[in-house]
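Take a look at the structure below.
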Amino acid sequence: MGGRSGCLFCSPSFTGIKTKPLSSYTFPSFSFTFSPHQPHSLSFPKLMSQPLTLNSAPLAEPDTDSSAAPPLFDYHSIDQKLLENIVYDALVWSTLNCLLVGDKSVQRSGTVPGVGLVHLPLCLLPGPFPESHWKQACELAPIFNELVDRVSLDGKFLQESLSRTKNADEFTSRLLDIHSKMLQINKKEDIRLAIVRSDYMVDEKTNSLLQIEMNTISTSFALIGCLMTGLHKSLISQYGNILGLDSNRVPANNAVDQSAEALAKGWSEYNDPRAAILVVVQVEERNMYEQHYISALLRDKYHIKSIRKTLAEVDQEGEILPDGTLSVDGQPISVVYFRAGYTPKDYPSESEWRAGLLMEQSSAIKCPSISYHLVGTKKIQQELAKPGVLERFVENKDHVAKLRACFAGLWSLEDSDIAQKAIENPELFVMKSQREGGGNNIYGDDMRENLLKLQKAGSEEDAAYILMQRIFPATFPAILVRDGNWSTGHVIAEAGIFGTYLRNKDKIIINNESGYMVRTKVSSSYEGGVLPGFGVVDTVYLT
């Protein structure tokens with residue numbers, strides 16, 4: 001399990017794939033009335049709710065002759081002139097609907113809103129995804145929500161399962177130190193709030209939906225997932241008669257609304273109308289617009305104030321009042337929403353660690369708490385896959401069976417037989433570290449060399465890794481758009497299903513499947529974090 005996941009890989013330039021800059025095209029002038037074609041459950045702040053009309057010379061109606069339609073999903077066969085128009089319309093839609101991030105080539109883009117904007121790297125049209133597996137993933141969400149909560153309450157299990165990892169991984173060790181201090185003072189989290197995301201691929205060899213990881217902290221791209229749904233529905237409504245696509249086969253998506261609702265209901269359960277929601281952010285954040293959007297929903301729909309602070313700012317401005325209230329710059333805090341804190345890079349000094357401990361000791365609701373954070377580590381994912389462990393936390397036998405059905409093979413490097421098999425057959429395994437944020441998986445010859453090195457060292461450094469079964473999903477042709485350029489390639493997709501969970505003592509207030517996001521990457525690559533420059537955002541087309 002993990003934080004901000006990045007299990008796919010796609011080179012930033014899509015090396016070896018046909019590319020063509022849009023600046024080389026000549027586009028016709030056109031006129032249309034803009035409609036975002038968002039699913040009905042996605043609501044926008046007022047500034048985005050009004051239609052926008054662009055007036056210029058009209059664009060000719062597209063040729064609807066069925067003979068022009070390429071075979072379903074064979075996007076590489078789309079007529080080039082038609083493709084140019086679709087890409088152009090996709091970029092216009094992305095700009096009008098804020099499917100944007102800060103451009104990393106612009107120095108201030110991660111700190112100053114509105115500076116250096118660029119569209120998200122995206123898949124132009126959705127790829128096929130089996131509807132039966134989609135329903136399976138959605139049905140698993142509330143079961144996983146409950147599992148995360150149950151495991152979080154077993155402090156002994158968390159500490160013991162991660163004890164070897166603590167000796168090998170300094171970051172995990174520091175997280176465990178905070179958790180241990182909460183156990184020592186018997187700190188109870190009566191109100192527990194989670195916004196999680198479980199990521200899946202469909203293994204072509206076994207036709208099985210298999211979980212990549214569970215993300216329990218800073219689960220990003222709720223808004224991006226909704227916007228991509230809107231983009232693909234819009235493009236299909238315009239071009240679907242040519243392409244043979246039906247926009248109703250792209251699932252509706254309300255991830256950002258449900259994330260905001262979970263935070264708002266957590267705020268309500270805290271029951272202090274003076275309090276604000278604290279959004280803990282990184283010093284530089286190119287994806288700040290998604291975070292600001294959630295804050296806008298909290299303000300406009302729920303009349304809840306939110307403030308943004310880095311960990312260092314929380315250390316400088318924060319204190320715990322005598323009644324346990326967290327106060328930051330004089331503002332009482334009801335909910336701490338972490339959009340940072342999942343990677344060692346977020347803790348460059350002791351100041352950030354002091355902030356983490358301070359927030360954990362307070363009465364504020366943490367999203368996530370340190371216990372929920374630890375449940376998301378890959379080592380806990382591997383421990384839960386062991387025979388008999390799930391039954392420790394889940395009484396419902398049907399739920400146990402559904403969870404086990406989606407578990408890929410997961411092993412500790414302490415298992416010398418499995419480690420040897422991975423050395424002999426590196427193409428069948430992935431070596432995963434506890435690090436989050438993308439680019440941390442090890443494959444092929446690199447994995448073999450690392451395993452041999454760890455065996456020779458004979459230390460506990462192997463506890464910083466797990467081995468996972470390599471998943472082989474089906475590939476499909478796609479058009480990928482990055483920095484205004486389009487590329488063709490054969491890709492694979494990873495679907496992330498969001499879950500929201502809120503509990504106050506014995507009362508479950510929310511336990512929902514809460515929308516989705518999809519990342520796609522070139523099939524020949526390994527990692528897929530979108531913002532690091534590897535993958536692209538996408539949706540699915542149910543088949």
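Just so it is clear, glycine is given a Cβ too, placed from its N, Cα and C backbone atoms.
Keep in mind it's a predicted model, so treat the numbers as computed, not measured.
Within 10 Å of the C-beta atom of Gln291 (substrate binding site) sit 20 other C-beta atoms, taking all shown protein chains into account. Residues or ranges marked as substrate binding site in TrEMBL: Arg197, Gln291, Arg519.
According to TrEMBL, the Mg(2+) binding site annotation covers Glu213, Asn215, Glu436.
Under the heading ATP binding site, TrEMBL lists Glu213, Lys378, 432-441, Tyr443, 468-471, Glu494, Lys521, Glu527.
As annotated by TrEMBL, domain 'Glutathione synthase substrate-binding' applies to 276-375.
Closest by Cα distance to Ser433 (ATP binding site), from the binding-site residues Glu213, Gln291, Arg519, is Glu213.
Cβ neighbours within 10 Å of Arg197 (substrate binding site), excluding its own Cβ and spanning all shown chains: 31. The binding-site residues recorded for this entry are Arg197, Glu213, Asn215, Arg519, and the Cα of Glu213 lies nearest to that of Arg470 (ATP binding site). Within the domain 'Glutathione synthase substrate-binding' (276-375), the DSSP-based counts of helix, strand and coil residues read 43 helix, 26 strand, 31 coil.
In sequence order, the binding-site residues near Asn215 (Mg(2+) binding site) (Cα within 10 Å of its Cα) are Arg197, drawn from Arg197, Gln291, Tyr443. Here the binding-site residues are Asn215, Ser433, and the one with the most other Cβ atoms within 10 Å of its Cβ is Asn215. Recorded residues Lys521 (ATP binding site) and Glu213 (Mg(2+) binding site) have their alpha carbons 17 Å apart, per Cα-Cα distance. The maximum pairwise C-alpha distance among Arg197, Gln291, Arg519, the residues recorded as binding substrate, is 19 Å.
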